[in-house]
Each structure stands twice: as structure tokens, then as C-alpha cells.
Amino acid sequence: MKIAPVAINHSPLSREVPSHAAPTQAKQTNLQSEAGDLDARKSSASSPETRALLATKTVLGRHKIEVPAFGGWFKKKSSKHETGGSSANADSSSVASDSTEKPLFRLTHVPYVSQGNERMGCWYACARMVGHSVEAGPRLGLPELYEGREGPAGLQDFSDVERFIHNEGLTRVDLPDNERFTHEELGALLYKHGPIIFGWKTPNDSWHMSVLTGVDKETSSITFHDPRQGPDLAMPLDYFNQRLAWQVPHAMLYR
């Protein structure tokens, strides 16, 4: 039997791309471009400064603080606060700022703890606020100062202060020789160390402890939790500098 040869056409395939494939190609190009942009953003966010700026723009809004009259008690920024436990989301925001913005720094993860009816309990309430901002668990404090039913005694002796610092794992802030902090200096301390306990003289001329949580250059003020008066209070920076307990080396403490 003879098999007839079959002719095969070897004409080259057309290189023309069907018109309906164009949107797919464009979509792939866009996806590749977006992926490249994402990689670039991830790369550019590798520095602490860029991460701080991204955190600020995504977490913080612009907070306006009304500066109170000199010598008066301080205005609350928010009525929402916790009364003992630590925050579930330890979310901190850091210094904002390009050349056209006013720097704002505020730690939002610091729980508020009141001293309640304890007349001399500000130091222990502050220890709880700072401690619970970084870890759960009981605070050591100074149990020996809790005697009787009237609450704790104050931190009167340097030996008490030293034991308090040791028990709570606190560190002193190096105070400037000129006895004056700028917004930038306080913002850098908060960014590096978190909330800071500070001792100061109140408008009633009594020594007291509170917790520094933020600064706002636009209103020339600081933000702080006060165990007696409430959370998220504002104080003029000049007032803070005048009233800080500069005469003692433990005027400012952090974890």
C-alpha cells in the first residue's frame, strides 16, 4: 500500500497580539509598578526617622491643646481613661515633622491610674502607669511605706527613693545644667524611653509626681497624666520648667 505524503504548511505564526489581551498586559504592568512602589516604600521606611513619620501620620491626628492661665489647674484633653489596668494595645506615636509642620509627640499607650483617696499615693500611682505601659504584673513599689489605713507615706528620704528606683527598675534622666528643657529635648526623651515620671511643685505649692506623656510645640505645652487630677492634661512648657524639682537628681525617672 502506498501512503500519500501529507503537505504541512510551515508558514510562520502571526506576532500580532489580539486586541483583547491589551488590558491584561496593562494590568500586569500596573501591578508590577505598584509592587515596585511598595518595595521602594518598604526600603525607605527602614530608618527610624521615616518609621516615626509614618507612625505619626497613620496614628496621630492633630491635637489642639488650650493653654490654661499661669498658675491654674490644667485642662483635660479627654475624659476617656482607664482606672488601673494596662492598655491592651501598647501603641506609641512619635515625633512628627517635616519643615512645614509643628512637631507633636504623644504616647497613646500609657494607662491612667488614679491615686484615689491616698493623700501621699502619687508616687505609687505613677509607678503603676509607667510599669503597666511596658509590662503586665504587680508593681513592687515600697510595701514598707504602706502602714496603717491612711495609705502610703510620701517619699521623704533619699534612701526610700533609692529603694523605689531599684525595686521598679527606674533610671534617672540627666537634667540639663541650665534647668530648662526644650520641646525637642523632651520629645527625644519620650521617643527613646517612653513615659517619664516627674516630680514638681503644684499650684498649691505641694510636691507631687505625675507622668509625662507628650509635647506639643504648636501650643508650647506638655501632656501628662496626673494621679490626682486626671489623664491627658496640658501644662505650658514654661510652667513645667519653672516647677520641676531641679534640686534633686531623681526629678525625672523612666523604665
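Even glycines carry a Cβ here, placed using N, Cα and C.
The following features are taken from Swiss-Prot:
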type     : residues : note
REGION   : 1-50     : region 'Disordered'
REGION   : 76-100   : region 'Disordered'
COMPBIAS : 86-98    : compositional bias 'Low complexity'
ACT_SITE : CYS122   : active site, nucleophile
ACT_SITE : HIS208   : active site
ACT_SITE : ASP226   : active site
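Features recorded in Swiss-Prot, as mapped to the structure shown.
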residue : record                   : CB count, 10 Å
CYS122  : active site, nucleophile : 26
HIS208  : active site              : 22
ASP226  : active site              : 25
Three-class DSSP secondary structure - the residue listed as 'active site, nucleophile': helix
Pairwise CA distance, HIS208 (active site) versus ASP226 (active site), rounded so that it is a whole Å: 9
Integer Cα-Cα distance in angstrom, the residue listed as 'active site, nucleophile' to ASP226 (active site): 8
